[in-house]
């Protein structure tokens, strides 16, 4: 319709020019000219009235032409043409003197108007096509991310299967490392794919709900201004005719009436009514998981590498979004000024400022649309990552990430990447260096670096001198935000309720005591370990003392006696706990533990008959332990009904402060407010107290109860008011040792549960930096990482 309208302006100009030429010929030639344009009008009536464009998605798709020439359905513009030709046929005797004025006042402005409107239409159509291509590029990028994610997911699945098949293979560790590396890459690809899906949805909404209406309105404004300008030209031509042709005043009045009835809005409504297009909004894109996986449409944030990667992506997206937001604010000011001037200008003046102002407004609005598109992309990704990481404030947050300020840097002298420790050598400023702390990194490693800039070059040097580069540290600023929303360990608890010592089911070893150089004459049992609670938000530091926190006891520090009752005596030499076999499922593990307990019961009975201590009986492929099976969630470690068969003297009563649900066969359920009878206090520092409730005996967390009526016997309690149990186990030292010794050897494995703790493995030598952080906890450095660990898990050397 717009293109046909622009052509009609050219037709009007040609009409007026021919008119000036035919003024002199008068008569017959004027009559033939009227016939000529009558035919032209008949050919274009359908296009100018009901249009020749249809659309499947709004623009750029041509539809079938509709031939509809009845006068009732003709547009006001077409009707004006009819009246024009009717009056022209009556003006056969015009004066020659009108020729020059018509050329000056009508022909030349019409030519300029036609050129302006055609240029505006072409520019508008070109931008519409560009916008469509930009949308398709976003969709194509989403498809690429999906293909990459699918490929890596398939490879990861294959590697996982290979790791499971190679459990007894000497290359098992290598396969497992390869699988972990592939899993990290797959998780990153999955996150990027999810972000591209969200980005595509945002762009789709932007395109159909905002951009298309704006473009359609602009196209309609072009057509309206063209019609208004054409009407003004006709009006001027009529005025000229009235001055010279007073005798034709009646005909000119009729033509003016027809021209004044031109209604651009009514013509547009007629066009819409005659060109209905069925359209429905496309569905949102959905996450498509890779085959043979349990992936869901959620970003992977359950490991350190993924959180660091996402935090870096979010930090970059927030910076970009902020810059774009500033640019948008700056651009909206001149756009508002132009629009205000445009409203004050007259669109009906062919030579007036309205047309130039409209071009400026259209260019600025297109530029604004481009910036809003980019802003939407970056803001959507930043908000998505902010939500999954649990960081408040979204893309507009001012949270201090302690981010490095990386800038391109040239390394003329070879050095090492502070993240991957590989060679770093570039001359063309293709690598990166933090301008604050001097951190050097490959460009490919940029998104994997933790957000923990120390703030100065000297701080980084001090950290490097201790061997604690960010690539070796497991602490990053992202932990400051994830501790409230992302579980960091099984010891996490609801705020206000202390975590119970969890039942550690990984203490069954497939080796014999003799294989490990330990005495096998002592009893072993599955003992609950004290949990590792979350550090305070903002942590990662290790200087603050731990309050009201018990260290986990070394595995095997308690045993059952011949009667099946926990033996409170300590053992100075016990078998360390190996990790749970990777190929053993939870059900198989529970079955093996049950077999071990059954074999142990037989061993204890036999030992009791012979007057000896507890022995060890081996289940198939495992060392039997004296603890109960974990799959018995309702039974007791002391036999049916939860009683050991021996009635011990009560040491007092205690009240349950919190509710607790049993997680094994040796502990029992609690409800807040229950009154229990204390059978044996927490004298071994394990964090568990033996109690009896409603005829059932079992272990309960010491920090979940409070003594209400204490009697003598059974050992003292903790120093804390109202608590039950003994002080934590003292630091184990060799004979003649001293607490001032600065090194210790790990006796057992200990896995850190938050950023302030230190993971240690058996036989690791730790440099002690603080031998008494709080009761039962020490601080030391291992492999460049400083953190806290239980003092009864090590032996000073």
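Here the Cβ of each residue, glycine as well, is placed from N, Cα and C on the backbone.
Lifted from TrEMBL, the feature list:
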COMPBIAS  468-486  compositional bias 'Polar residues'
COMPBIAS  487-496  compositional bias 'Low complexity'
COMPBIAS  626-636  compositional bias 'Polar residues'
DOMAIN    1-267  domain 'F-BAR'
DOMAIN    403-453  domain 'Phorbol-ester/DAG-type'
DOMAIN    649-710  domain 'SH3'
DOMAIN    739-797  domain 'SH3'
REGION    464-586  region 'Disordered'
REGION    618-640  region 'Disordered'
The domain 'SH3' (739-797), counted residue by residue under DSSP: helix, strand, coil: 3 helix, 32 strand, 24 coil
Segment-level pLDDT (mean, integer) for the domain 'SH3' (649-710): 84
DSSP-derived helix, strand and coil totals, residue by residue, for the domain 'SH3' (649-710): 3 helix, 32 strand, 27 coil
